[in-house]
Structures are given as structure tokens and as C-alpha cells.
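First the structure, in the form of C-alpha cells, and then the observations on it.
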Amino acid sequence: MAQKTSGLIQRCRFLLLMILFLPHVMTSSVLSVNGKTENYILDTEPGLQESLKCAVQNHIRDEELLWYREDGRVDLKSGNKINSSSVCVSGISEDDNGITFTCKLQRNQSVSISVVLNVTFPPLLSGNDFQTAEEGSDVKLVCNVKSNPQAQMMWYKNNGILNLENHHQIQQTSEYFQLSITKVKKSDNGTYSCIANSLIETKTKDFHLIVKDKGSTVPIEPIIAACVVVFLTLVFGVIARRKRIMKLCRKDQGPQCRTAL
């Protein structure tokens, strides 16, 4: 009987320990941002303001939260740290596209959740509007482009699709769309249009190319040498003339006498 009672007591102790430790096992803290418990992408636009609210779920004690913008820690007020914390992203611009905001538990920073800003905007085009080139030289028309989503790019010439010739070359990156023309000809004169077509809007920027006649090449060295010869000739001529004048003056000078009348 005593053995049965002892075994029953041990079982009760075991069950009691399981009950005590169960909340710690089942209620591990989970973070959410704006109600989402997984990392996500937030679609937004320039000029808008977005609010991100991070909250601790299943916590059994007060938890301090941290916010990071990329690798930089966000300065939070004292009343905006415990169990829930909000940050406002105001004045969103095109440069904020791809920026990551991360909320972390202070005591265990491996517990975190991130939000990536997806700032959508129409194409922004820029570049040198006017270029003048000498016939036979090389020219680069660089159309700087910024767009999200990425735009489809094309070159037009004088309002028509550009017919690429052997001396034309196109290069495209995520930041620019470039047309290179080697040994430009008179026929390359005209207005070149950089066209960006995105799902939001189509934008155009014009580049005006003026090809001048090839100037005659004048050798500079012979001109300099001729100028030096002329200068030295003039100098020697002046010196020789001065010596001749001085000789004539000496011949004209003789003994002077005073005559009293």
C-alpha cells in the first residue's frame, strides 16, 4: 500500500512539473507587424506615409522591442518600446524603394520580423539635351532612367524607330540606357528620343545631336617656328639700322669755332 501511495505521489509531482513548464514551452514569443507574423513586402508610392506597428504575441512578461532601418537602429521614445512599438515612414520617395525595416526582441534579437518597402513610380529620365560633335568623332547619348517596376526602353530618331547601323551600339543597365555612335556622319544629325514604357506610364526624353563639318587640321609647330623667324629678323633689322644711324651721326660731328663780329 505504501509503495502504491509513493508511486502516486511521484506521478502527481511529474504532472505538476509538466503543468508548470507547459506555458514556457507553448507560449514562445512571436512578433507581428501590422497583424502579419511573416516577413512581407509593403507596396507604397512616393509622397505617402506608412505606419508599421510591431507587437509581441504569446508573451508571459513585458518585452522590449527594437526597430532597425537597414542596419541603423531607430531611436524610440520610452513609451514606444514595451510589447508594442510603432514607427511612421513619412514623405516616402523613390529612394526609399527596397528599404528594409526590422523589428526585434531586445532580449533575443534572433526573434525578428522584417518589412521591405516596394515604392512604385513612373520612369524618371534625365540626360544632356544637346550635343555637338565633329564629323568622324564618337558620341554617347546617355539616358539616365529610374523606374519601378522596370521599364522597357527604346531609342527613336526623328519620331521613328531607330534603325541600328554598324556604327550604332546600345547598352542598358538598371540605371541608364545608352546609345553609342562611332565616327558620326552628317546623316546622324537629328533628334533622338529615349522612350521608357512601364506598367504605370510611358515617358520620353529628347536628345538633339548636331554634327559639324570636320575642321581642317593646321600644324601648330611650323606656325610657331615661322613666327620666331619673323621676330628674330625684325630684331636684327632694328639693331642693324640703329648702328648705321649712329655711324652717320659721328661723321657729321666736327670741331666747332666761335666767330666774333
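Cβ coordinates come from backbone N, Cα and C, glycine included.
Looking at the candidates C12, C54, C194, Swiss-Prot gives C54 as the cysteine bonded to C103 by a disulfide. Of the listed residues C143, C227, C143 is the one Swiss-Prot pairs with C194, by disulfide bond. In the predicted model, the domain 'Ig-like C2-type 2' (122-208) has a mean pLDDT of 96. Note on C143 (disulfide bond): other Cβ atoms within 10 Å of its Cβ, all shown chains, come to 24. In this structure, of the glycosylation sites N83, N108, N118, N189, the smallest number of CB atoms within 10 A of the CB marks N108.
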